[in-house]
Amino acid sequence: MEWSHSPLLQMSSSRSKDPCFTENTPLLRNSFQEKGSPRMPVYHPEFITAEESWEDSSADWEQRYLLSREGSGLSASASSEKGDLLDSSHIRLRLSKLRCCVRWLKVTGLFVFVVLCSILFSLYPDQGKLWQLLAVSPLENYSVNLSSRMDSTLLQVDLAGALVASRPSRPGREEHIVVELTQADASGFRRWRPQQVTHNWTVYLNPRRSERSVMSRTFEVLSRETVSISIRASLQQTQAVPLLMAHQYLPASVEAQVTIATAILAGVYVLIIFEIVHRTLAAMLGSLAALAALAVIGDRPSLTHVVEWIDFETLALLFGMMILVAIFSETGFFDYCAVKAYQLSRGRVWAMIIMLCLIAAVLSAFLDNVTTMLLFTPVTIRLCEVLNLDPRQVLIAEVIFTNIGGAATAIGDPPNVIIVSNQELRKMGLDFAGFTAHMFVGICLVLLVSFPLLRLLYWNRKLYNKEPSEIVELKHEIHVWRLTAQRISPASREETAVRRLLLGKVVTLEHLLARRLRTFHRQISQEDKNWETNIQELQKKHRISDKILLTKCLTVLGFVIFMFFLNSFVPGIHLDLGWIAILGAIWLLILADIHDFEIILHRVEWATLLFFAALFVLMEALAHLHLIEYVGEQTALLIKMVPEEQRLTAAIVLVVWVSALASSLIDNIPFTATMIPVLLNLSQDPEVGLPAPPLMYALAFGACLGGNGTLIGASANVVCAGIAEQHGYGFSFMEFFRLGFPMMVVSCTVGMCYLLVAHVVLGWNE
């Protein structure tokens, strides 16, 4: 070869005799000496057999070329490399200072915000409500005149007694009272003759008169004139009904309160989306801000009222199921299911992924999907490491099908739990069995479409795990050769020739890398020939550890699920879902003879339970700020614009897609808690005339399936991502979005079509 006779490469031939010549530049020292390797050979012994003559020649000309650079321009190269190192160190130092500054600003800003909310909350005391006892009857009306205040824009009227929020099931025989509020409107040009404005508020009475509830309504104060309140009753009998009434003036308008509530809600979701703080802390901060806003407008609740806002039945159901699953995991049952899936797939990757997704969907239908992913994620990671698969792709598929499967029953997903636990919906006939039967059929149709779609989305996606070390080293060597070629300035003919040779070396190594990658991909795509050996190894590690405990767990869990269904058919069982789960947990704790109780409690997701509790407080506070009422009015306006014969169709489509898109951007738990009162008010509006069950099914489909849209759309997504990150396989927001959002769109479309056929075409639950 001509380049071997170059005068530049013939200099200092004594150094060329060293066969172990190593590159000792600062570039390679930084990349390898930090890892404990003092020096790196320029050529790798692995490639000598394939390209021995080329390697020997390249080592010879490289030695001579570097020595010639020492005699001519080594000082300039060393100074430039030293400058590059100084620049990189300065950049790292600036980035470190920037991160510290951002962290300091975050902590300072949040602390100032918390202190400000605490001061505002403490400055305005709990004024309490002055309740007045009334006795209303059909023979006599009650009336009172209230003097207006200078700084008041709203008047809140509270009623307490045997009241019910929904219209009774037998129209025409309902008993109700009408609250009539009359005031003078002095606005406009006719201030000398104020017009009388009347607002009517109809409240239905509980026929059994055994339950006491509190209902509130806010009216806008139009002027400073006297406000008159009149209450008349429509009863089947002439006997008077006792009621309690209280009123309170509020200084802020409805628009101002809705704006404040929207800002608080947006702030909470910004904290969650960008992971500024933990989402539990974000919910607590939002609750504190909402309570401070209520205190400023004069409607500060007492501690007793705040505790009453928390839905303890939902928390009890989740806590009981977490205890059951925590003890269940001690048997090794979930590990056994994962290994069984690999055995049934006979080493085929896609068959195993589909089986894992199917098992996760079935388990999440009867267990909470958060706890299902807590147990399934570590097993899946270990299984993928054995098969050399990328756990991130498998975990994303699993959590997507976990959310789909959780929507099939009333206990599989928190939105379903919130819907079924609502007492008003249960009185309207939306029980556990009916809800589960209706959702199960729709979710089965969704699953039939989702599996082919998942295979299509993963068609060109890499499913293999970390590449072999030889491929990683080859990629790094190509990177080093390319950097070396880029550092050579083609100022002379010899330097241009050397640069060309280095680039040729890069091209040769890239061809070698491409061949090895093709071979590696071909091995991954083929059936695992050693699947029987892997099965034996996995069965030794992941087997049923305690068959007696497994029998006890299956017995108690089956009995609990049976009680869930029996509660819907037998009225004599006065146990809610939360009580059944708690009693089942106590039974299993006794049967399992658990001595180290703290280990079981460590398995309970206390942060998740506290997150739910904070969200219940936040949503109730936002309801007091009239956000839910405003959303309901806007939703009702959109539906009322549709002709009556197409109103149910429009309502189902609107609720499904609004719920799905909103649950993709925010957590579906607070959204469900927000939308249930909105849809209840919408179904009770006589001008709309829509049944409540189809709207609730549409909400359940949208909220549960919409959680697959983004990483923070469902609690199981966040839990799975956190566990995967702890094992070194964390996936980003966009990685989940590219797979989850198309699955969400298709699954919601299938669910919407199912609801339209069931409720519009067939007329179920009308």
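Using the three backbone atoms N, Cα and C, a Cβ is placed for every residue, glycine included.
Sequence annotations record features per position, and here TrEMBL assigns region 'Disordered' to 1-24.
The annotation transmembrane segment is assigned in TrEMBL to 104-124 (among others).
Residues 281-283, 285-286, 289-290, 293, 297, 618, 622, 625-627, 630, 665-667, 712 of the same chain lie 6 or more positions beyond the ends of the transmembrane segment (256-274) yet place their CB under 8 Å from a CB of it. If you look up TrEMBL, you'll see 256-274 (among others) marked as transmembrane segment.
Annotation comment: TrEMBL describes 269-702 as domain 'Citrate transporter-like'.
The transmembrane segment annotation in TrEMBL covers 281-297 (among others).
Look at TrEMBL and you will find 317-337 (among others) tagged as transmembrane segment.
The feature transmembrane segment is assigned by TrEMBL to 349-367 (among others).
As annotated by TrEMBL, transmembrane segment applies to 435-458 (among others).
The transmembrane segment feature in TrEMBL is assigned to 549-571 (among others).
What TrEMBL records for 577-594 (among others) is transmembrane segment.
Look at TrEMBL and you will find 606-628 (among others) tagged as transmembrane segment. Panel annotation: around the transmembrane segment (606-628), residues 218, 254, 257-258, 260-262, 264-265, 268, 278-280, 283-284, 286-287, 290-291, 293-294, 297, 299, 301, 306, 309-311, 314-315, 318-319, 370, 414, 667, 669-670, 673-674, 677-678, 715, 719 of the same chain, lying at least six beyond its termini, place a Cβ under 8 Å from a Cβ of the stretch.
According to TrEMBL, the feature transmembrane segment maps to 648-666 (among others). Tertiary proximity for the transmembrane segment (648-666) is limited to same-chain residues at least six positions away from its ends with a CB under 8 Å from its CB atoms, namely 269, 272-273, 415, 635, 638-639, 642, 675, 679, 682, 690-691, 694-695, 698-699, 701-710, 712-714, 741, 744, 748, 751-752, 755-756, 759-760.
Annotation comment: TrEMBL describes 739-762 (among others) as transmembrane segment. Here the transmembrane segment (739-762) has long-range neighbours at 396-397, 400, 404, 438, 441-443, 445-446, 449-450, 453-454, 457-458, 648-649, 652-653, 656-657, 660, 664, 694, 697-698, 701-702, 705-711, 713, 717, meaning same-chain residues at least 6 beyond its ends whose C-beta is under 8 angstroms from one of its own.
Sequence-remote contacts of a segment are chain residues at least 6 beyond its ends whose Cβ falls under 8 Å from one of its Cβ atoms, and for the transmembrane segment (281-297) they are 110, 113-114, 116-118, 120-121, 123-124, 250-252, 257, 260-261, 264-265, 267-268, 271-272, 306, 610-611, 614-615, 617-618, 621-622, 624-625, 670.
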